[in-house]
Amino acid sequence: MSWRLSFRCSKFRHVFGKPATKEHSYDGVPITRSVHDNHYCSANPCFIAVVTECAGGGSFLVLPIHHTGRVDPQHPRVCGHSGRVLDVKWNPFDDHCIASCSEDCTVKIWDIPVCGVQQNLTKARKTLIGHSRRVGLIEWHPTAENLLLSSAYDYKVFLWDISQVGAVIRIPVQVVLMPVHHRYPSETLLLSVSFNSDGSRLAVSSKDRRVRVLDPRTGKILQNIYTNVTYVLYIPGLKMLLSTGSSPWNHRQIVLWDPDDLSEPLYEEDLDGSAGVLFPFYDPDTHMLYLAGKGDGNIRYYELSAEKPYISFLTEYRSLLPQKGLGVMPKRGLDVSVCEVFRFYRLIAVKDLVEPLSMIVPRKESGIFQEDLYPMTAGNQAAMTAQEWLSGINRGPVLMSLKPGTQVANPYPETPAEKGLVRQLSNLRFQMGPAVGAVTGTNLDFMEVVKHRVFGHWFEPHQNIYISGHH
């Protein structure tokens, strides 16, 4: 595979995986026994969510990210679903908002308290009711706030605006895919979905072994190719699409495509004869690709480039413990002082263990911010509203610097003007101090003196009341 790679110079050729000790892992987590090909885990800088086994319904566990060690078997859970939970995803623009989908045909949006879940959480902020069979996949829009995509076994793919008024939302803002009676319906039973960097295109893989590139606003199919694919992933910055699946000889395979022309692959490589699904993860800042097989203990990593041969094998992390699924920490949650460039959360079901795994670039100058490893990256600010995106506007992600103490201005103006004040209050309210849930003195001072107009009312945070009629 790599006679030509041994002479290739790369700053990432010595990247190594460093698993956390048991004291810094999450031990005693009853990981779900579902066989659905999902990750069952989602992480952000504040919390980690893990789908758990539960009798008589569906639940998932939300733990503060620093709440490591042995987990109390009676720890409160988020348990409002009446069927098994199949997927969970944190809102990329709100670290205290998480979406879940279930076999009960619903999608629910939950608000997690700043201090974490202190008692069983059964009441969701929003319930999305529109599917008639179990919902297997959910995905947040990468740049527009409040937009959530859902795909279910009724062969329907919906786009929801969760900012709509009411605790129950029954009508999606967009029907992305619907079954057509004269067609075989499995074309819309999706196995994976991936937005491009500005959310203007959607790549999907489906049960009929096809990869499709869609316009998510209209549902129009722009590209369509038959290939034995399980997972598909947009590669931001390189204008490529990556798929994982199996070759005609039943070997696990990775393929690179031009998303504007799926007629011929750019690159193909057979990996091994194992049967587990290959989960792909891509870091656009380092151009590194990680491949982790379900049921495997190893994670391969590669470096991608825009020129042939496009992909270069670096090395792999090996473990004797198989992973059922993996969560990924957003870049803004990494420890830049130790040159950590990626972090997985491996679900090890045989041990009831969630193991953090840090990918680290060895550098002599530890503790110094390495500019070349951490370029500007996608932050936690939305580039636009759901209505702006639905009207046809495309914007890339709002970038932030990972250098401690650096502030970067939002390049997109806030509209309406009041929105910026509301978002500022929200960010300050959820800003974490030295301890999880701690609010800084600056935040308290700010909230004591500022009144914000929200939905036509004035709101005083410190009094926790609405005062009508003030303009």
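Even glycines carry a Cβ here, placed using N, Cα and C.
Predicted automatically and left uncurated, TrEMBL annotations should be read as such.
According to TrEMBL, the domain 'DUF1899' annotation covers 6-69. Taking the domain 'DUF1899' (6-69) as a whole, pLDDT averages 90 in the prediction.
The helix, strand and coil residue counts that DSSP assigns across the repeat 'WD' (78-112) are 0 helix, 22 strand, 13 coil. The repeat 'WD' annotation in TrEMBL covers 78-112 (among others).
As annotated by TrEMBL, repeat 'WD' applies to 128-163 (among others). Distant neighbours of the repeat 'WD' (128-163): 36, 38, 83, 86-87, 89, 91-93, 99-109, 169-179, 185-190, 192-195, 197-199, 202, 204, 216, 219, 378, 382-386, 388-390, 395-398; these residues of the same chain sit at least 6 beyond its ends, with a Cβ under 8 Å from one of its Cβ atoms.
Residue counts for the repeat 'WD' (128-163) by DSSP state, with H, G and I taken as helix and E and B as strand, are 0 helix, 20 strand, 16 coil. Residues of the domain 'DUF1899' (6-69) grouped by DSSP class, helix first, strand second and coil last, total 3 helix, 24 strand, 37 coil.
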